[in-house]
Amino acid sequence: MLAARPPISLHHRTIAGGQRRRCVGGSERKRDRALGRHFTQALESLWRHSPRIPPPPRPAAAAAATRGEANPSWQPPVLENAAFEEYYKIQQIVRREEWDAFMSVLRKPLPATFRINASCQFYKDICSKLENDFRRPLESEVSNEYGEDAVRPLPWYPGNLAWHLNFSRKELRKNQALEGFHEFLKHESEVGNITRQEAVSMVPPLFLDVQPDHCILDMCAAPGSKTFQLLEMIHQSKEPGLLPRALVIANDLNVQRCDLLIHNTKRMCTANLIVTNHEAEKFPDCSLEKDYSEAYKDTYRPQRLEFDRILCDVPCSGDGTIRKGHDMWRKWNSGMGNQLHLLQVNIAMHGIELLKVGGRVVYSTCSMNPVENEAVVAELLRRSGNSVELLDVSGELPELVRRPGLSSWKVQDRGSWLQTHDDVPKDRKNVVLPSMFPSNSTDEERRTVCGDVEVDIDNGISFSRNHNIEETSKVNHDVDGVSVNSNKNSDRGSDIVNSKFPLHRCMRIVPHDQNSGAFFIAVFHKSSPLYGYQRHGTKIQHILAKGRIVHLQKEPEQETRPYETILTRQQNNGSEEVDDAELLCRRQNLSTDNQTTKGKNSIEPEMVFDDVESGQAEVGERMTKLQKQSRWKGIDPVLFFKDEVVIKSIISFFGIKESFPLQGHLVTRSTDNARRIYYISKSVKEILELNAEVGEQLKIASLGVKMFERHRSKDGCSCAYRLSYEGLSLLLPYINKRILYASPLDFHRLLQYRTINFARFSDARFGEEAASLMPGCCVVVLLEGHKHVKDSSTIAIVCWRGKGTMNVMVSPPDRKDLLERMAYRFGLKACSDDDKIN
């Protein structure tokens with residue numbers, strides 16, 4: 001019999017340890033403070049209102065659970081959606097005779113894939129172990145179940161770095177024969193040696209053609225697999241022992257997704273990454289004022305943020321991932337893509353605006369919907385005119401099976417099919433936009449929606465007359481055996497409308513071609529500035545002809561020094577200069593409520609400054625506080641670490657060479673007694689300086705690699721900071737002091753036991769050297785052969801020389817990874833006792 005719920009109003013409540021609390025009318029009033037000594041037993045979880053008692057299990061399910069069988073009441077997900085099939089049949093994304101094969105593959109689980117990090121220290125070890133310990137044995141064990149080549153490299157990915165498995169991630173977890181391989185993948189992924197990523201998701205970064213000196217923006221980066229891939233590319237191309245000149249800025253709107261992005265990219269341990277938290281379509285360009293930029297016209301300092309490569313992997317409906325997300329079958333509808341179309345256009349258009357002339361933008365989605373794909377590409381070409389060209393990249397990655405983009409499609413709204421924008425009901429014209437349709441030639445379609453501004457493109461002036469235009473309706477292209485524009489066997493009749501843009505240059509990846517997910521990619525080249533396209537704050541103006549350009553004229557203002565603040569100017573000029581202040585703020589993507597503050601006494605910024613509101617106290621009185629704050633609530637400020645005493649003590653203690661620049665490359669996120677110090681590359685340093693000069697427009701969530709960390713040891717160490725294992729590989733070639741060389745056996749013991757007494761080392765000489773070292777942080781290098789080598793291939797760990805012991809300062813996953821390397825290279829058995837690792 002089920003017990004009755006307790007009454008809401010209780011007289012007393014008993015808590016752990018026998019304490020009692022008086023409760024009046026359902027509320028509690030605590031009589032005295034509960035101390036730790038009162039808790040003699042575990043605290044019981046008590047609810048104000050008792051939770052609902054779950055219903056008893058069904059007899060059949062209970063009996064099956066007792067026998068260890070599967071629950072008979074469980075039903076597999078329904079992999080059917082009539083609206084989905086009707087929509088894509090009408091769109092003809094595949095030929096009619098391929099439809100059954102296409103749908104059959106969509107209902108099968110997605111094969112697992114992963115990519116090896118070629119820039120990691122143990123790249124060759126991982127490749128060898130994968131080939132010898134897993135690929136060959138698995139072929140003999142699971143060939144009957146999963147066929148031959150159960151584990152094989154993807155033929156189109158350079159260097160055999162990406163691998164395809166003939167089984168899904170679920171089968172990888174459940175199959176006992178794959179248990180060892182699954183553990184290998186999990187561990188190597190945790191330490192950053194491999195990345196588990198869908199195969200088609202690896203394609204867009206490859207078409208960016210990344211070079212070692214490129215500044216790259218990933219506009220919608222979370223969860224970070226493509227960002228990690230970009231980081232691999234820039235580090236793989238660097239010279240040994242040097243930081244690459246390239247830089248990656250990874251941005252995402254959602255704070256939680258930014259945290260996931262930081263967690264995933266942290267495995268790379270790179271000084272060339274900045275993570276930001278902005279709306280992609282409003283990503284700041286950090287433009288300097290004209291008078292301020294004049295002070296740096298003879299220097300190489302950037303005057304605004306411009307990028308050589310931009311990845312626009314925009315938010316989409318995601319129906320291309322339907323093989324791994326079965327819930328998509330239930331919730332899919334055509335309105336999902338329609339709702340995202342304008343956002344996708346605005347993000348990609350802003351990306352083109354931020355791109356340098358001569359740069360590339362790759363637009364991609366994991367959707368099959370032409371409203372999110374070809375319609376967006378056509379609108380980008382229409383808005384940008386001759387400034388941007390849609391590239392034909394069919395000659396790149398020849399082994400990747402891809403299909404050309406569609407030249408015609410229909411739009412569906414609330415179950416009704418629409419051929420042109422004239423067919424849209426009046427009450428839906430603000431939802432179903434002209435840019436969603438292949439053609440833009442009717443009277444109603446002579447208005448192009450551009451951000452928040454509608455621009456009339458009448459008077460015979462149209463961006464459709466440019467080098468991107470082709471008479472595609474008269475041409476029948478054939479790529480990979482697929483007809484692009486032929487109307488033969490068409491289900492859509494003679495009223496078909498083709499786009500005038502060369503959309504066949506886009507790429508569609510369909511699942512049944514190479515047993516993958518679906519993806520869409522378009523590659524743009526910027527050949528000239530976006531003439532007449534101006535963004536002011538959140539507003540966009542789109543000017544169509546030179547004679548119709550509207551310039552925002554500034555009123556003459558007093559001559560000011562380059563470092564004078566906007567706030568000071570406002571206070572001096574009073575209310576007469578309100579329009580001028582608004583103009584300046586709009587130019588810098590700021591609102592009039594939060595004006596930009598720059599340094600008052602020095603052009604060279606020492607810290608990232610905060611914003612202040614007009615009407616506050618004088619700048620000089622508040623500068624000290626402003627330097628310790630961040631403009632963005634909930635985000636710690638990014639401060640250049642310039643404590644000369646601390647920096648000199650670090651250099652002296654570890655014997656860091658002058659060739660390794662520390663001055664100006666160290667930052668921290670705390671104002672007093674910095675606990676962690678991060679190292680940033682020269683390219684990141686330049687971005688931070690620019691960001692400080694424009695009033696901290698970038699909302700920086702993370703940057704750089706942790707290099708030093710404050711310790712609280714009482715061993716009498718003369719240096720307040722110790723080395724971080726994350727930044728050790730970068731700094732190791734430049735350290736001359738505090739280095740010990742250990743034999744493989746002693747190095748293995750350190751990793752296995754974490755703390756060892758000096759007398760217990762097998763090499764007495766190593767124990768004596770450790771004992772003679774002054775207390776504090778040190779580096780222990782694995783001695784391979786008889787040469788003392790310190791380069792990118794050197795295996796080393798951070799340790800703490802304590803009172804009679806040597807302690808390892810490395811995380812459990814990294815220690816486990818090093819033990820695996822020791823076992824593979826020297827035959828030393830890896831530690832199997834989890835307690836020794838944890």
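Heads up, the Cβ atoms here are built off N, Cα and C, so glycines get one too.
Where the annotation comes from TrEMBL, it is an automatic prediction and has not been curated.
What TrEMBL records for this protein:
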ACT_SITE  Cys366  active site, nucleophile
BINDING   Cys220, Ala221, Ala222, Pro223, Gly224, Ser225, Lys226, Asp252, Asp313  S-adenosyl-L-methionine binding site
DOMAIN    102-527  domain 'SAM-dependent MTase RsmB/NOP-type'
REGION    48-74  region 'Disordered'
- request: Using the recorded S-adenosyl-L-methionine site (Cys220, Ala221, Ala222, Pro223, Gly224, Ser225, Lys226, Asp252, Asp313) as reference, state which further residues of the same chain have their Cβ within 8 Å of the centre of those residues' Cβ atoms, listed in sequence order.
  value: Asp218, Thr227, Ala250, Arg257, Leu261
- prompt: Reported as an integer number of Å, what is the Cα distance between the residue listed as 'active site, nucleophile' and Asp313 (S-adenosyl-L-methionine binding site)?
  reply: 8
- prompt: To what whole number does the mean pLDDT across the domain 'SAM-dependent MTase RsmB/NOP-type' (102-527) round?
  reply: 84
Field: Site extent for S-adenosyl-L-methionine (largest Cα pair distance over Cys220, Ala221, Ala222, Pro223, Gly224, Ser225, Lys226, Asp252, Asp313, Å)
entry: 13
Structural state of Lys226 (S-adenosyl-L-methionine binding site), classified by DSSP into three states: helix
Query: Can you check what DSSP calls Cys220 (S-adenosyl-L-methionine binding site), collapsed to helix, strand or coil?
result: coil
